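Engineer: Look at TrEMBL and you will find E95 tagged as active site, proton acceptor. The domain 'Radical SAM core' annotation in TrEMBL covers 101-343. Feature annotation from TrEMBL assigns [4Fe-4S] cluster binding site to C115, C119, C122. Residues or ranges marked as S-adenosyl-L-methionine binding site in TrEMBL: G174, E175, S206, S228, L229, H230, N305.
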Amino acid sequence: MVNLLNLNQPQLADYFNSIGEKPFRAKQLMRWMHHFGVLDLDQMTDIAKVLREKLRQETEFKLPDVQLEQVSDDGTRKWLIGTNNLKDGTANSVETVFIPEDDRGTLCISSQVGCALECTFCSTGRQGFNRNLSVSEIIGQLWVANHSLRQAEGYNMLPASDRIISNVVMMGMGEPLANYDNVVTAMQIMLDDSAYGLSRRRVTLSTSGMVPAMDRLKEDCPVALAVSLHAPNDALRDEIVPINKKYPIKDLMAACERYLVKAPRDFVTFEYVMLDGVNDSIEHARQLLDVVRDVPCKFNLIPFNPFPNSGYGTSKPMQVRAFRDMLMQAGYVVTVRKTRGEDIDAACGQLAGKVLDKTRRTQRTIAIQPGE
Ligand code: SAH
Ligand code: SF4
């Protein structure tokens, strides 16, 4: 069975071609599945009955399972998306978060079950890695959120253009560029006018700095870029964002400059998690200004969101203000991210889901730090 939710429009056109149908069927089907959110062939009345019958036999619309939906006091919503229930009944799951604001609604999407990159302050990273999400599991998060928000707002078949979700950020669990092909295909569906029709400026991919994949992305699917910098020198970044040992800050900055040539926005957003006493001094801010010198950018300071046994503390508000002011005085736009959905553990870096760790990281960590 072909899962039609795994395909972007050109792939769908190829499929129709392969069964002797006209490629324009791809556009019709994209509109039903993604624009209107309809997955029932009987409702797709502009598709001939014979073809619908053929599709019923050869294809399916397989969405990821929603195990739980939670709503926070501040309106933030979180879905626990189950991926595969294994024989022993244990689930492997990821999380999707919707953050409503006055002028927009942002959906934060996951790309992997766990993450292999081991950033020390990240709860997903601590859990280890299980597997990549498929295209339908990635775009399915947008489908499911759209569907559930429409129902909550009392609309049924509202087209995706009257959107509640205006922005997507690839900032949930996982490193999106480590699941390159599936993430790019899913983002192409987000941008497709027959599907969700989001503008490139309203889709943001966040990466910890996988330089070669950043170079590919600017050619294949240039969307807004956020880079998780978190440290202003290689010694510290090697420690807290270990991928830095492979792609050090200088190479990362050069990749950002190259990206901007093709990017839909004229700046990169540098994310910087504020860790008490680790990376939050005025001297760190000074070094930071020096390393980003050649890259047009904005800063997003993220107060560290604690999780059990993290070993880190949240920077004091005074320290965050001093750090922010230092960057602002140098002429940069700086936002300090407000924590949303704390009561349902939906804040940045708290997304945990359930990861059946294939890397055995948890066991390794316990073996190394028996006292913790
Ligand atoms: N893997 C990608 C995207 C997912 S993480 C990346 O690293 O960019 C999204 C953002 O949340 C990243 O900037 C990440 O560093 C940050 N983050 C991770 N753990 C956090 C925590 N405990 N508190 C605050 N932010 C955190
Ligand atoms: Fe992975 Fe991003 Fe977490 Fe690092 S911060 S471990 S790259 S999800």
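Backbone N, Cα and C define each Cβ position, glycine as well.
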Engineer: Taking the Cβ of S228 (S-adenosyl-L-methionine binding site) as centre, how many other Cβ atoms lie within 10 Å?
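Structural biologist: Other Cβ atoms within 10 Å of S228 (S-adenosyl-L-methionine binding site): 24.
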Engineer: Can you go through the recorded positions E95, S206, L229, H230 and pick out those with a C-beta less than 6 angstroms from ligand 2?
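Structural biologist: List returned for ligand 2: none.
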Engineer: How would DSSP class C122 ([4Fe-4S] cluster binding site) in three states?
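Structural biologist: Looking at the DSSP assignment, C122 ([4Fe-4S] cluster binding site) belongs to neither helix nor strand, so coil.
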Engineer: Using C-alpha atoms, which one of the binding-site residues C122, G174, S206, H230 comes nearest to E95 (active site, proton acceptor)?
Structural biologist: G174
Engineer: Spatially, which candidate from the binding-site residues C115, C119, C122 is nearest to L229 (S-adenosyl-L-methionine binding site), comparing Cα atoms?
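Structural biologist: Nearest candidate: C119.
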Engineer: Please go through the recorded positions E95, C122, E175 one by one and keep those whose C-beta falls under 6 A from any atom of ligand 1; give the result in sequence order.
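Structural biologist: List returned for ligand 1: C122, E175.
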Engineer: If one measures from the C-alpha of E175 (S-adenosyl-L-methionine binding site) to the C-alpha of C115 ([4Fe-4S] cluster binding site), what distance in angstrom results, rounded to a whole number?
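Structural biologist: The Cα atom of E175 (S-adenosyl-L-methionine binding site) is 6 Å away from the Cα atom of C115 ([4Fe-4S] cluster binding site).
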Engineer: Cβ distance under 8 Å to C119 ([4Fe-4S] cluster binding site), same chain, sequence separation 6 or more: which residues?
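Structural biologist: Long-range Cβ contacts: G125, S208, S228, H230, I240, V241, P242.
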Engineer: From the Cα of N305 (S-adenosyl-L-methionine binding site) across to the Cα of C122 ([4Fe-4S] cluster binding site), what is the distance in angstrom?
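Structural biologist: About 9 Å separates the two Cα atoms.
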